[in-house]
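Just below is one structure, and these are the notes that go with it.
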Amino acid sequence: MSRIASRVTSRSTITPGPPPDGGLRAWLCVFGTFLVVMNTWGMINSFGAFQSYYIQTLGRSPSDISWIGSVEIFLLFFIGTFTGRLTDAGYFRPVATAGSVLVVAGTLAASACTRYWQLLLAQGICVGLGNGCLFCPTVALVSTYFAKRRAFAIGITACGSGAGGVVFPIVIREMLPRAGFGWTMRTLGFIQAAALGTALLCLKPRVPPRKTGSLVEWAAFKELEYTFYAVGASLCFWASYTVFFFLAAYARDIQGASYDTSLDLLMITNGVGILGRLVLNSLADRVGNLTMFVPTAGAAAVLAYCWAALPIASSSRAGLYVWSALSGIALGGIQALFPSALASLTADPRKQGARIGMVFTIVSVSVLTGPPIAGALVSALGGRYLGAQMFAGSSLMLGMVFIFLAREAKRKRVGGSFWAKV
């Protein structure tokens, strides 16, 4: 018995060596994570299609409906501290399997929902818990396979949110008028079941489990760059989903667009965002993750302010199409750079899950409250979106400042000029 315990202990302390930065197993992990992101963030980025439909069918305010999507994102981030630490401890497989079951079960359950509270439980809480069991563990997992090309690899996985943000609205647009809400949701659930089942076959931990250690590594907050980054990321995500949740409704309410046209705008934002995820993360491998994050957040802030300056007339809708594409690049870049920049703040791969999950939990408060605040501002201004637009722009601008402070704190700690790769 003592020999077995000795072997288990020694196995958990084996040093796995440097990340391979490639190879079949590493790229299979990237593909599996891509599928996970597609079926978690891709559905979240498609919530604008549900937002407008639920407002019409349930007769609730924009703020009320946005709580469904906000709870879903909140739980994705909030339980990251727990699922990340479980991943470090060697429980990736059962956690990810449970997450897949919850996501599919929640989507299928939503197909039978007819009331607001039912959708909040199924699509908000059940799917949100499943997302939380999947996203943080898979991002932590793929981070252990790459070092020099980490940002690019995570950028590829982040393209899953753009792909899902195109595929799922197409399914909704084509099926909802013909097959009804129930079969639309069931079809989405079947897609998720097939994709997540494939993902589980591709994902395999590389680093031996870290059984010992507390749930929260409080010492991380003594690192200025880590603390500044947590604040900056929270501010950025406080505003980011204002666009994804309200763009379709804005197009119909303010510019008189049809339901199909409003979904086209959402698909443009998600589809073009794939370019932002790939290009910006590829550049991040050259100039540094934090360095790339700063101008990306700044561009997103400027675009949020510019949203308020778009012409209201439906004849000037071309400007909204261009704005949607540019916003997709900037917001897609934020989504992709967020996990890669966070992973770059952790030197020990055995602590990736815990340290990533801690920031996820902090960010969860922002994604829970951001869209409802934006919705409340829309209602308070009698259907005008100016308050939500200014809220989004100001949050992103302040977030950029804290990301810059995180970059400078890390640069000064490791040494290097202002133009150093950080």
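In case you wondered, yes, glycine gets a Cβ from its N, Cα and C as well.
TrEMBL does not curate its annotations; it predicts them automatically.
Feature annotations, courtesy of TrEMBL:
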{"type": "DOMAIN", "residues": "25-411", "note": "domain 'Major facilitator superfamily (MFS) profile'"}
{"type": "TRANSMEM", "residues": "26-44", "note": "transmembrane segment"}
{"type": "TRANSMEM", "residues": "64-84", "note": "transmembrane segment"}
{"type": "TRANSMEM", "residues": "91-110", "note": "transmembrane segment"}
{"type": "TRANSMEM", "residues": "116-142", "note": "transmembrane segment"}
{"type": "TRANSMEM", "residues": "151-171", "note": "transmembrane segment"}
{"type": "TRANSMEM", "residues": "183-203", "note": "transmembrane segment"}
{"type": "TRANSMEM", "residues": "224-251", "note": "transmembrane segment"}
{"type": "TRANSMEM", "residues": "263-280", "note": "transmembrane segment"}
{"type": "TRANSMEM", "residues": "292-314", "note": "transmembrane segment"}
{"type": "TRANSMEM", "residues": "320-345", "note": "transmembrane segment"}
{"type": "TRANSMEM", "residues": "357-380", "note": "transmembrane segment"}
{"type": "TRANSMEM", "residues": "386-406", "note": "transmembrane segment"}
Cβ-based contact of the transmembrane segment (224-251) with the transmembrane segment (116-142), 3 or more pairs under 8 Å:
no
How about long-range neighbours of the transmembrane segment (263-280): same chain, 6 or more residues beyond its ends, C-beta under 8 Å?
42, 45-46, 48-49, 152, 155-156, 158-159, 161-166, 169-170, 172-173, 243-244, 247-248, 251, 257, 292, 296, 320-321, 324-325, 327-333, 335-337
If we skip the immediate neighbours and take only residues 6+ beyond the ends of the transmembrane segment (91-110), which ones have a Cβ under 8 Å from one of its Cβ atoms?
36, 39-40, 43, 83, 118-119, 121-123, 125-134, 137-138, 141, 185-186, 188-189, 192-193, 196-197, 199-200, 203, 205, 209
Using Cβ atoms only, state whether the transmembrane segment (116-142) and the transmembrane segment (292-314) have three or more pairs under 8 Å that are 6 or more apart in sequence.
no
